[in-house]
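Taken straight from TrEMBL:
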type	residues	note
REPEAT	247-281	repeat 'PPR'
REPEAT	493-523	repeat 'PPR'
REPEAT	527-561	repeat 'PPR'
TRANSMEM	792-810	transmembrane segment
TRANSMEM	822-843	transmembrane segment
TRANSMEM	875-896	transmembrane segment
TRANSMEM	902-919	transmembrane segment
Amino acid sequence: MQKTKLLIKSLSKNTTNRAQNWRTQINHTHLVSQISSILEQRHNWPSILQTLNLKSKLTPSIFLQILNSTQIPPQISLDFFKWAIKNTSFQPDVAVQCRMTHLLIGSGLVNPSKPILNSLLQNNPPVMIAESLIKLCAQDPNFCSSESLTVFDCVIDWYCKKGLCVQALECFNLTKELINYSVRSCRTLFNALYEKDEFGLGLCLFGVMIRHGVLIDPITLRVISKILSKQGKIDSMLRLINMGVNDPLIYDLVIDCCCEMAMFEVALQLFDEMSKRKLDSGFNTFASVLNGACRHKNDEMIKFAMESMAAKGYISNPLTEPDLVIQKLCDTRKTYAAYMLFKTACDAQRSLENKTYGCMLQAMSMDIRVKEAIAIHRVMEHKQVIINPIFYNEFISVLCDEKASTEVNHLLTDLISKGYKPTPMALSKHITYQCKKHRWKEAVNLAELALQESIFLESSCCGLLIKHFCKKALIDLAINLHKQMVKMDCSIDSTACNALITGLLEAFRVEEAEKVFDYMRIKNLLTSESFVIMINGYCREKMLKMAMKLHDEMLEMGLKPSLKMYKRLISNFSQLQSSSSSLHKPYTISLDFAMAGSPRSAPAVFLLLTTLLSLSTSPFLAGAATGDADLISELQSIQSRSSSGVIHLSDKLLRRIVTTKHRSFSLIIFFDAVQLHDKSELHLKSLKSEFFLLSKSFSINNQNAQSVRSKLFFCDIEFGESQSSFSQFGVNALPHIRLLPPDAANLKSDSIAMDAGDFSGLADSMAEFIQSKTKLTIGHIHRPPILSKTQLGLLIAAFLISLPFLFKKLLAGETLFHDKRFWLSGSVFVYFFSVSGTMHNIIRKMPMFISDRNDPNKLIYFYQGSGMQLGAEGFAIGFLYTIVGLLLAFVTHVLIRVKSSFAQRTIMIIAMVVSVWAVRKVVYLDNWKTGYAVHAYLPSSW
């Protein structure tokens with residue numbers, strides 16, 4: 001009975017649903033008929049449709065029925081489509097959009113269909129679109145296959161223009177459901193694949209066309225030939241030609257490919273075939289042969305190409321004006337041929353147009369022939385050629401892509417400083433490569449230059465540089481780079497920011513560290529490590545309230561540090577407490593216990609440590625008075641171990657001295673750099689020895705005045721060991737000496753730098769500076785004698801022993817001073833010494849030669865400019881003067897004794913020619929150095 005009731009209920013429910021569906025279908029049919037009749041018969045259909053209240057009634061299925069059931073003109077269908085979207089809640093689906101596209105393109109309304117097509121293709125996958133279009137084409141009996149292919153042509157064309165070659169191929173593959181493939185779609189696809197360098201897919205598409213018997217038009221055949229040439233498929237290209245292709249451009253491609261692969265015999269056979277088929281060989285054809293011959297250094301083919309081009313009238317014979325030819329070869333990327341003609345013109349010292357140099361530089365850069373491009377740039381620099389800056393774009397880009405080297409780095413620096421800017425991406429990539437190869441000096445120089453020229457580097461590159469700056473304690477450079485990144489609104493990774501905060505805190509620059517920390521908070525870059533670094537920094541500065549506040553914030557953000565980080569915090573507190581008095585003994589037990597605890601108890605441990613530390617501040621205050629005395633004792637101990645009394649400072653020792661309050665002594669610091677000792681112009685070695693001598697003299701003069709000696713300590717600090725201290729003092733040039741007074745808190749602003757004039761008089765002038773600033777007396781400078789007592793005694797003994805022998809030689813007239821050859825050689829030496837400027841070189845300590853800044857492997861012996869003369873240059877001039885003087889002496893004292901008049905005339909002519917040559921060389925060198933020319937003139941009256 002119960003089952004019967006359930007059966008009756010289900011039957012009645014099904015009957016109700018069927019009735020409702022039937023009514024809905026009738027209503028929809030009525031609505032479709034009503035709207036269709038209005039659209040077909042009324043010109044003012046929009047106002048009539050407004051009365052039907054279609055806001056929620058018009059669905060995609062109803063819209064499709066309206067389009068399919070009547071013969072509405074395409075333009076009215078488009079207007080109705082736009083009206084429905086604007087005035088109702090109608091949202092077209094894929095089927096509606098495909099139907100509208102199908103209708104409009106098939107009716108020739110291609111441009112009006114583009115907005116609908118764009119929306120369709122952007123939001124739906126190619127397979128769904130293609131299947132919908134194919135279904136519509138099959139359902140429409142009035143739609144021919146050519147019109148269907150036109151629709152697919154538009155779809156494939158849209159994908160190709162957007163660079164979506166894979167999607168275009170998917171859609172193209174589905175068109176086999178239609179009658180045939182579209183030739184236009186094939187051509188569009190080939191062009192897109194060629195531009196995207198998808199040569200493998202292009203060959204696969206070519207195979208599909210062959211298998212399906214698609215008729216290939218000449219334009220498509222050219223694109224296919226280009227793809228085959230890029231792949232080096234010479235056999236396939238030759239088969240195309242053997243099929244009867246009579247296209248000169250395809251012959252050009254085959255000949256170019258053959259010449260690139262040194263297949264010159266095949267290229268010559270193709271020339272014969274072209275002449276048989278009466279196809280004219282153009283400039284590009286012979287240029288391809290010439291380029292391949294130059295590439296493979298085939299002189300016979302170079303001669304053939306040049307003669308053929310001259311015979312055709314493409315070039316003159318001989319080539320007197322190569323500019324146009326070189327520029328044309330550069331435009332067609334025939335770089336080997338262009339470089340051969342360019343080099344020939346340069347060797348013949350022919351003047352070329354500035355544009356020719358620019359085209360050569362650009363072509364070599366585009367062909368990634370970096371060595372040749374650099375050589376052309378050097379020639380342009382030497383000849384001072386000015387070209388359009390656009391030619392440098394490719395050159396500077398290819399330099400950025402080149403492996404880092406000294407030459408490339410110098411070129412990039414020079415070009416950027418002259419205003420030629422590479423793209424930020426290319427320069428960042430180059431600097432990053434240098435950083436990874438640990439070429440930090442070059443990377444830093446390029447980065448500084450980029451910031452000066454407003455070239456904004458990428459954030460990853462800047463992050464590497466900031467980490468390096470912080471590691472080397474170059475905090476000012478790191479903070480400047482960070483400020484530039486903030487201005488550009490570029491984010492830096494948290495590790496770089498953490499490194500910057502660490503460096504700032506180590507340099508006692510807490511306020512700047514707080515600014516960087518706030519920046520990380522704004523950019524949501526904070527990590528537990530960031531908090532631990534800042535908390536440790538606050539603890540070192542005894543800013544415990546700030547440390548507590550940060551600790552609470554860290555826990556509120558859910559950034560729980562690891563056990564290792566908490567141990568770091570605890571060890572920091574334990575180090576602070578270990579310097580206090582006996583109150584710390586029970587605390588040490590607590591610390592050991594805390595360090596062995598779990599991470600969960602870490603916040604409680606931190607609170608406990610903070611409380612204990614706040615209770616232990618009184619022992620610190622009590623020990624501050626003895627800190628100065630302890631430090632003086634330590635410095636005197638270090639001083640006693642030094643022979644000169646100079647204390648060698650380190651970053652750690654200097655930091656301890658500076659942080660000691662109420663100091664009673666001054667420091668005089670000599671800044672040194674071992675790597676600069678070989679630069680004689682800086683005189684670092686001599687100044688350092690004078691500084692050590694001054695320190696030793698001060699110790700000797702105040703041996704019995706211990707209170708005076710404890711007021712001043714002589715120190716030296718080395719750049720390689722203590723770069724952080726150099727940065728804090730603001731020292732960026734050597735030699736440099738600085739006085740640190742007792743009350744100095746800031747190393748840079750509170751210390752006093754010694755002027756260059758104060759150490760020009762060596763130890764004496766240094767002593768005057770110290771006495772004027774510290775009010776202490778240095779005393780007499782104890783310089784060591786030139787000869788020690790032992791050396792002087794040995795010298796006197798040797799003189800006394802040799803005295804009898806000297807008297808004997810002198811009385812016999814057999815000494816060196818009795819030999820006329822000695823006096824003759826001495827006079828020649830004095831003459832050479834005077835005319836070669838040797839005294840100038842000795843006084844100014846001029847080197848014999850210097851290295852070229854542009855090419856460190858090259859040496860410069862002659863320096864252009866009147867303000868400087870190198871040693872080798874002086875010797876060359878002295879040699880020329882001495883030749884003329886010796887020839888004059890020979891002619892006036894020796895030649896007159898020769899009896900043969902013929903010999904006299906011959907030697908006289910030779911002496912005159914050599915003398916004139918020597919004088920001309922001297923005059924030429926003087927003109928080259930100073931710019932002043934020597935002109936002969938005749939007197940106006942005798």
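Numbers run from 1 along the shown chain.
Glycine is treated like the rest: Cβ placed from N, Cα and C.
Automatic, uncurated: that is what TrEMBL annotation is.
Since this is a predicted model, take the numbers as computed values, not measurements.
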Do you know the DSSP helix, strand and coil residue counts for the repeat 'PPR' (247-281)?
26 helix, 0 strand, 9 coil
Tell me, roughly as an integer, the mean pLDDT over the repeat 'PPR' (493-523).
81
Take the repeat 'PPR' (493-523) and count its residues per DSSP category (helix H/G/I, strand E/B, coil), listing them in that order.
26 helix, 0 strand, 5 coil
How do the residues of the repeat 'PPR' (527-561) split into helix, strand and coil according to DSSP?
26 helix, 0 strand, 9 coil
